Amino acid sequence: MSTAEGGQMMKRAVSYNDVAAFVSMPLSSNDSEEDTSSEEESESKSFPMKKLALVMVGLPARGKTHIARYIARYLNWVGRETRVFNVGNYRREFLGASQPAQFFDPNNQEGRRARWELAIKCLDDMIQWLKHQHGQVGIYDATNSTKERRKYVKERLEAESIRVLFLESICEDKSIIEHNIMETKLRMPDYQNMDPERAVEDFQARIANYERANETIGDDEMISYIKIINVGRTIMLHQLTGYLQGKLVSYLMNMHTLSRSIYLTRHGESEYNVEGRLGGDPELTEKGKRFAVKLAQYIHEEFTAQGKELPLIWTSQLRRSRHTVQFIPTHNVCWRALNEINAGVCEGKTLEEVKQQYPKLHEARLKDKLHFRYPGGESYVDVIQRLEPVMLEVERMREPILIVSHNAVIRAIYGFLIGKRQEECPNLEVPLHVVIKLTPRAYGCEETRVELNVDDDNETSTGSSLESKLASHSTKPPKQVFF
């Protein structure tokens, strides 16, 4: 696999060392690897797997927290109950955020004892959540940079019958470390009110203290591990077993921590939007066509007017989505996976007609919008499953992208990017004629919403000065590629 970074081709090397076969387990299976004694401790029916603890390893500014949060975001979105337990958050909660670099000196016995006690409390809380609160994957986010610490964590978790996988982030590229310090660590609570130069100096001193005691993972530790080197340029695997570990490797092969913006919007208003009908392949209304013009103007101002290349554009294969980008002069990839949720027997009907003709279906949809599946159609869970390969491709990309799709699909994609669980996706607010600009960061996702006014039809009617203005910026017609 190769990817582009900084204009150069980058090869991603993978080392397979004692890797077991990745066996897929059917979601409907009632079998599990061990019997449980109570309902409280039973596994979720949708995920009959042994509990997993993912233990992060690595020095500060190596992207551990970024990776941990991305993994949790992904696993929650695909229906695996996941939570990050960050030892740094415990330190800030109990000791305050303004601890100087000396606090992290390995020779500072008082600081070392305090950090150990907080690490144990964080670990205990993760175990409690995994065993008694239906957690499935706990991510223990800490440096865990010594063999002694890793041995303790492994034995403690295995004593609770929790499978353990270590994930070490190693960075040998100084430019990446410097970028992480400036882009990530200066956003963290520890340095909120500190002069940037002092913050960098203090954090570099903190890193130096950790480096003095750091021990990278070795095969002699007899543990399962993944090593990510230089933010994914090389990935090493050792003694991995199970379906979920294989799924994690697939995700890690595609993710990166570079910043770029992702633009989401629904298609312009369609004839079915006006009539309140489900699905179908209707044309845009006049208002929807005006939105297509305004969207092209917005993209021109965001990119071309600033000397930037136009973003990649993805749409569904339905007309209302494809026609919304018709004035943007660049390639458009039309994904079948981005098509609107299939309403089955309810396609083309209004919700009132569904209520009258299929009252039981109407009630079932109101009770559980996530799992409700239209007869002959799809549920939101089905939509998320078919979107998973698309989102892995989004994670892999390093360039800006504009995705123009449909209500259910944009809800699911938006939910993924801002870290929502499956059950939250069906109720997310994604109105028509609004562009959502998202920029993923280590500690969250920056979001900007821009509402494009399509009510003033004086300047945006067909053949208007605005459309003519856009045409003057276009040097080539848009091309559509179906995928």
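Positions of Cβ are set from backbone N, Cα and C atoms, glycine also.
Quick look at what TrEMBL lists:
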- Arg266, His267, Gly268, Glu269, Ser270, Glu271, Tyr272, Asn273, Arg320: substrate binding site (BINDING)
- 460-477: compositional bias 'Polar residues' (COMPBIAS)
- 44-257: domain '6-phosphofructo-2-kinase' (DOMAIN)
- 456-483: region 'Disordered' (REGION)
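Neighbouring residues of the recorded substrate site, listed in sequence order and excluding Arg266, His267, Gly268, Glu269, Ser270, Glu271, Tyr272, Asn273, Arg320, comprise Pro282, Leu284, Thr285, Gly288, Leu432 (Cβ within 8 Å of the Cβ centroid). Residues Arg266, His267, Gly268, Glu269, Ser270, Glu271, Tyr272, Asn273, Arg320 are recorded as binding substrate; their most distant pair of Cα atoms lies 14 Å apart. Note on the domain '6-phosphofructo-2-kinase' (44-257): mean pLDDT across this stretch is 89.
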